[in-house]
Amino acid sequence: MRKKELKLVVTFHTTADAMAMEKAAKDFGLKGRIIPVPRVISSGCGMSWTSDLLEKEQVLAVMEKAGIDVEELHEVLI
Amino acid sequence: MNFMNSKGKLLGLGAICGVIAAALAYFGNPANMAFCIACFIRDTAGALGLHQAEVVQYARPETIGLVIGAFLIAIGTKEYKSTGGSSPMTRFVLGICMMVGALIFLGCPLRMILRMSAGDLNAWVALIGFVLGIVTGVFFLKKGFTLGRAYETQKMSGSVISILALGILILATFTSLLKVSQAGPGSMHAPIILSLIGGLLFGAIAQKSRMCFAGSIRDVVMLKNFDLFFGVLGLFIVMLIYNVVMGKFTIGFDTPGIIAHSDHLWNILGMYIVGFAAVLLGGCPLRQLILAGQGSSDSAITVLGMLIGSAICHNFGLASSGTALNPETQEVVKGAVTANGKVAGIICIVVLFVIAFTNKRKEV
């Protein structure tokens, strides 16, 4: 079984924002992926973005450029 | 805490929900309708006199329990959040569509799983439509479909649906104001206290596990993620075992007495509507009740849409009939989809596409 790591998890207000995040990440070469919102978090639209914790600044920068609102930022063992 | 995250745990939680459904079936709920959100909302609408179909009138404590169970656990775990403002009237219409589709098929996604576990091949056929509906919804999600974000509202607002549900329970228990079927599916039910406890437990588990029948397939299709799917699988396995052990497992179409019909096209289209609407709404009928309980007024409006939708279905003859045995001649009378139901189904599909095309995220 894969060892769990502490990751950055970004939740969104809408699924459309999550989809826009996936596209923006591709456009800006940001590492990470869309995952269902981990069950330890109750907020969000059902989908979230996860990246390495070290990528936090880049993630926020890409979201600002793409006009995507952050709902919440979390650090979760995934 | 990470105790809700493994697939094994979700399988187990789904299995517990299966046990609750099996117990309710054992103690009196209709065959293959142990726990059906659409049917139970429809029965509750009948109890309130919103429709006059005498065989489906009973304020189902399970539905009430689901909402209040989700509300209580959300309060207890600090997940209660009063929100609203995400295209409420569009959600109301989607709720109506979801109910029309469900009553054409004769069941919500939860009942589809229960019917599948009892060998009802009609439900397996309907699964095709449900998956196609979800895939259609996912297509629009990828194209930027959104009903807009929800905002935090006054704390009280999110609890209104739970208080109303409690009010219905009090009326049903302590007065004779509500209608109660004397025959048909509405007359078959487990004792009130068992139904209520079953609903409360199911609601609490569904809230914690984020159980969603549409979401489980959406996650598989979109993200190749099987977490939610395992919850559904657990429920299916337990009900399959229950049906086999109790001699209720009958493979076939046109099986009398299980409240189902064998109009394949409309079984597919009915669940297509449900799957499509559920993805646009962000959750199946069960999930809408749970989200309503944990404070979402948007989901509460959707539940009201389903309630009114069920009344529309019975007042305008949209609901299908189930295959039954004529008690006098002992002949099998095939269940059927009504002409009005077919027209309504087509209208719903058109409405879903219009909503899907016209609600898009603004590009920056």
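One-based numbering along the chain as shown.
Heads up, the Cβ atoms here are built off N, Cα and C, so glycines get one too.
The transmembrane segment annotation in TrEMBL covers B:92-112 (among others).
Residues or ranges marked as transmembrane segment by TrEMBL: B:124-141 (among others).
The transmembrane segment annotation in TrEMBL covers B:161-180 (among others). Within the chain, the transmembrane segment (B:161-180) has long-range Cβ neighbours (under 8 A, six or more residues past its boundaries) at 44, 46-49, 54, 57-59, 61, 63-64, 67-68, 71, 186-187, 192, 196, 292-293, 297, 300, 303.
Annotation comment: TrEMBL describes B:186-205 (among others) as transmembrane segment.
Residues 5, 7-8, 10-19, 21-22, 25-26, 34, 113-114, 116-119, 209-213, 215-217, 219-220 of the same chain lie 6+ residues outside the transmembrane segment (B:226-245) yet bring a C-beta within less than 8 angstroms of a C-beta in it. What TrEMBL records for B:226-245 (among others) is transmembrane segment.
Taken from TrEMBL, the feature transmembrane segment applies to B:265-286 (among others).
What TrEMBL records for B:298-319 (among others) is transmembrane segment.
Look at TrEMBL and you will find B:339-358 (among others) tagged as transmembrane segment.
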>> If we skip the immediate neighbours and take only residues 6+ beyond the ends of the transmembrane segment (B:92-112), which ones have a Cβ under 8 Å from one of its Cβ atoms?
In response: 32-33, 35-39, 41-42, 123, 126-127, 129-130, 213-214, 259-261, 266-267, 269-275, 277-278, 280-281, 284-286, 288, 301-306, 308-310, 312-313, 318-320, 322, 335, 337, 341-342, 344-345, 348, 351-352, 355
